[in-house]
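Read through the structure below, which is laid out as structure tokens, and then see the notes.
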Amino acid sequence: MPFALGQRWISDTESELGLGTVVQVEGRMVTLLFPATGENRMFSRAEAPLTRVIFNPNDTVESHEGWSITVTEVVEKDQLVVYHGTHSETGETVSLRETLISHNIRFNKPQDRLFAGQIDRLDRFGIRYQCQLLRHKLASSDLLGLQGPRVGLIAHQQWIAHEVGRRYAPRVLLADEVGLGKTIEAGLIMHQQLLTGRAERILVIVPDTLRHQWLVEMLRRFNLRFSVFDEDRCVEAYADNDNPFYTEQLVICSLELLRKKKRLDQALDADWDLLVVDEAHHLEWSEDAPSRAYQVVEALSEVVPGVLLLTATPDQLGHQSHFARLRLLDPDRFYDYDAFLTEEQGYQAVAEAAEALSGEKKLNDSAINSLTELLSEKDIAPSIRLIQANEVDPEQQQAARDGLLQELLDRHGTGRVLYRNSRASVKGFPKRIFNPHPQAMPEQYVTAERVNAMMSGKKTPQAKALEALSPEKLYQAFESDSASWWKFDTRVDWLIAFLKSHRSKKVLIIASQAETALSLEEALRTREGILATVFHEGMSIIERDKAGAYFAQEDAGAQALICSEIGSEGRNFQFASHLVLFDLPLNPDLLEQRIGRLDRIGQKNDIQIHLPYLEGTAQERLMQWYHHGLNAFELTCPSGHVLFNEFAEELTQVLCEDDADAMTQLLNHTQHKYKELKQAMERGRDKLLEINSHGGARAAALIERLAQKDNDTHLVGSVIRLWDIIGVDQEDNGENTIVLRPSEHMLFPTYPGLPEDGVTVTFDRETALSRDDIAFISEEHPLVQTGLDLITGSETGTTSVAVLKNKALPAGTLFLELIYMADASAPKSSQLYRYLPPTPIRVLLDKNGNNLATKVDYNNFEKQLSAVNRHIASKLVNASQPLLHPLLAKGQEQAQQGLDALLVDARASMTSQLTAELERLEALKAVNPNIREEELEYVRNQMAELNGYLDASQLQLDAIRMVLVSHV
């Protein structure tokens, strides 16, 4: 290369240094000073990664003094360049020597980089275009946020997330039965809200015992990095902000923390977009005395736009508390408990109409009359005729049924606020097999009960019943050696024998009290050396996690995990299928929670429920009531709480006194009422609610689409190629897995999210679900998103020169390929990407300016191209400049036509969708007060904002490739 003092060059490998000046040429070496950074670089003259900077006529060049010149003539003298032209401000004729050009000039625009000789490798141009196409595909998908989480494609979960996650500020109660995956539904909704920009700041309130579990679950399944806040963390955060909640975007904390007025005030002032409350059935309320927990959540729900309440038992703690939770979501809608009860009485007619529509038979007169009355403002006659017709396409009939069903669900009841799936409507659960094991009552307990009976005159019947259910507690109360009960308790003998005969099985044991759990662990360890671990509320979160992990280990882990009632809440152990109930809780909901630790979606085996009970005691009588009255061991019992409240007095009496006639009478009454409630639930609101909650055929279609995306081999190829280009080491690890590691030759100094010691990944959902240590890669995964951002956010691939070997074309024929981006700058929360996502517009010009992009497929064209040495490419560009400048202007015109067409479509789509949504909401609001005015106002404002953003849309040249035909 011919170097001379004062010449301006740019580094091909360190463009951030700015413009360099040759300060020394000696022998085979050349030294450049980069004044913008004050750094020197020495290069070999023969192989210097440098490009000579020479501007062209019509370019605007800035001097180091700050003024600019529009170049009209370029003169070279003594190997240095002088630019003649017009002063950009005064209009005077001026000259500018290259030594006086601004040191900070960066060649960011593709055309500037091309003319400056900063030409990328051919494959980088291709990967940049593929990245832009992938970003466009992801942003324009209505499945955004559902594809990436490491969860099974379970219809009702994905359906609820799809319906709720795309709303503005959703306010809903997720009330699926135990084991149906409410945490996953909440995670999917949060993931969707964050990816679509509808939410940026989220506060999750969970029981203290579940904080760490939520933290791990959100990271492992959804790649959401929450921070756990407790009092210590709040104190530490003062160094960064007076309000600790402003130091993180995604926060998990307990209700205990927010009971403190100072912390609650700070949380109220923290501008959250979404509030999530787990175990919401603990929020007790009465009109006169709402609980402190309820008041905390109520205060937050008044200032946070979006609210998700999670509860497995909507009526636990009473129907009034269920109403109170709905009141948190929409106090204007649920303003009066009596009015709510009156409204519920009208649900049966709606449910009957929905039942008729969800079948396949023709509608009877009663169903038609109900539909006509319920949908009086709609013209439903055409749909009715279609359903009743004989020779009509079944798909059309089904569409008519679905349409009317959707109208019905939209207009009546709590369908938009409450989602509740039951096991009856969700398939795939194992059987529950109940195994009672009667044991003889130890004499020590008989004596303790006799003594207690003489001393318990003033105790309430419920207190007496609870004592009768735990004879070991009574014994401990009267004996100094509180630990000795497990030495003679026949249930402990049975438990040891059972574990010894099932050594290869994992067994979950649940007892009411933490002290009982600890004593059982001691008994197993000291009497037989059985490996067991304990799980109770007195342990820290980390201690509980370690215990759970020890139990989960297949080879060296504990055979048994012994949990207390409270300690096991919210924890799931589907890998075990044997459950031992060492005692029974005096609440059918708590019994269901115990069984729900194993009876969940994902359980592969039938669940064996074992109950060692003491014969002739309160334990046996409670077992009979649960088993023969409620069938609560082998089936879920949604009416359990109602039945318990109704028969609490009789049940308590039977538990305290052994009266066979009273027991028989109680069982008869319970069975009769159980059947009544079961039939009423079948007829009433639950049926309608479940039709809306599980999504039916629409949910199945959604799952089919997600499964098709899982099988997209094109995505796998694109992502692997992306990692290849960036320089990520990829090692095939077998079993559909790859190990990714940073390498020393990566394009970028760091790859955020890629650990130094590597990470194992898979593109296969089933593989990811079977192993927690493997990341599930989809187009939504941070490792993919980061890769796309690294490429598209840098200059990688913005310029390229290639040779087309095609003898059908004259040698020297020139093509210019331009990739423009439709650039509509708008905040993510505006949802503009739904109508105008970042869209690449490809223009392929021949030398006459004709656009061949629609005639010449990109992939076919790409296959015919060959790379060109960078120095040769630079010379080819310089020689072709007279042709390239007018072609660039022509390309801008062609791309503008493409943008105009995109804008027309985007505006039409936006207007059509939002107008339809607004009209739908307005129609619904007239008949269903469940529609909030904020939702309507949001749609109106969104239309106005989006029109403004579309008006301001511009074209951005993203990449440029010059192609020359060669016959060599």
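Backbone N, Cα and C atoms are what each Cβ position is placed from, and that goes for glycine too.
Which of 26-29, 278-281, 542-545 counts as motif 'DEAH box' depends on Swiss-Prot, and there it is 278-281. Figure note: comparing Cβ neighbours within 10 Å for the binding-site residues V178, L180, the maximum is reached by L180.
According to DSSP, K182 (ATP binding site) sits within a helical segment. In three-state terms derived from DSSP, E177 (ATP binding site) belongs to neither a helical nor a strand segment and is classed as coil. The highest number of surrounding Cβ atoms within 10 Å, among the binding-site residues E177, K182, is found at K182. Neighbours of T183 (ATP binding site), defined as other CB atoms within 10 A of its CB across all chains, total 21.
In sequence order, V151, I154, Q157, R600, I601 are the residues near G181 (ATP binding site), counting only same-chain partners six or more apart with C-beta under 8 A. Its Cβ placed at the centre, D176 (ATP binding site) has 26 other Cβ atoms within 10 Å.
Of all Cβ atoms in the protein chains displayed, 24 besides its own lie within 10 Å of the Cβ of G179 (ATP binding site). Per-residue confidence over the domain 'Helicase C-terminal' (491-641) averages out at a pLDDT of 89.
Counted with DSSP, the motif 'DEAH box' (278-281) comes out as 2 helix, 0 strand, 2 coil.
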